[in-house]
Ligand code: DX5
Ligand code: ZN
C-alpha cells in the first residue's frame, strides 16, 4: 500500500508564534513543511521569504521545507534558498521565461525540483522537462491565498498527472495543494496523490494534532 503524507502549509499559521506552530505539527509526526512564497506580482499577495527560513533554522527547529515559489521573476530568488534545509523548490512555468534554466538553478543549489500546475495550466508544460523533475504539484485552487474552495475538476488532472508519472517510470512525487480538508482528502488520494498540502484545515482547527491524526487515519483507511 502506498503511503500518502500530510504536509502542513504554514501560510495559515499564526505568524506571531511561528516557531511554536511548526513544533506543534512536528509533534504530529509531520517531517516536511510547505512554505508559500508570494510576491504581490505573480500572485496578489505578499508572504514570506528566505530570511524567515533562516530564522527557523537558526532557532534549532529541525525540519525540511517544501518551498513553493509564487514569484516572478523567480531566478534571482532561488540561490537565496541554498543551505536552509530545503528539500524541494517548486516553481510555476508561467513565472519564468526560460523554464529549463530555472530548473537548472534549483539543481545547482542541490534542492529537488518541483513544477506547479495551476488549475488552468496545460499538462504540455511537462512534455520536455518531466525527466528533470522530482515533484509535480497540482494546484486545486488558483494560487495566492489559503482557505479557498477545492476545485473538483482538478481531480481529473491529478489522475492524468499520475498516469504521466507512472509512464515516465521516474521517481517523481505527485503533490496536491489547495482547499484540502477532511471532507475531500479521500478523493485526492484516490486520484493518485503521494502527498497532500494542507493549510487552513489544520491551522484553523482547534487541535492541530487531532486534525492531522484524522487526516492520516483517512489516508490509512483508503
Ligand atoms: C495557495 C497556497 C497553498 C495554501 C493552501 O496559493 O499555495 O499552499 O497554503 O492552503 P489551504 O489548505 O488553506 O487551501
Ligand atoms: Zn502552496
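Every residue gets a Cβ built from N, Cα and C, even glycine.
Since the structure is predicted, the reported quantities are computational estimates derived from the model, not experimental observations.
Of the residues 177, 194, 206, TrEMBL puts just one in the divalent metal cation site with 34, 36, 68: 177. Among the recorded positions 34, 68, 177, not one has a Cα within 10 Å of the Cα of residue 200 (substrate binding site). Taking a C-beta cut-off of under 8 angstroms and a sequence separation of 6 or more, residue 144 (substrate binding site) has the following same-chain neighbours: 38, 43, 44, 45, 70. Sequence-distant contacts (6 or more apart, same chain, Cβ under 8 Å) of residue 9 (substrate binding site) comprise 33, 34, 35, 36, 146, 177, 197, 198, 199, 202. According to DSSP, residue 200 (substrate binding site) sits within a helical segment.
Using a 10 Å Cβ-Cβ cutoff, residue 36 (active site, proton acceptor) registers 25 neighbours. Looking at 34, 68, the binding-site residues in this record, the fewest other C-beta atoms within 10 angstroms of the C-beta turn up around 34.
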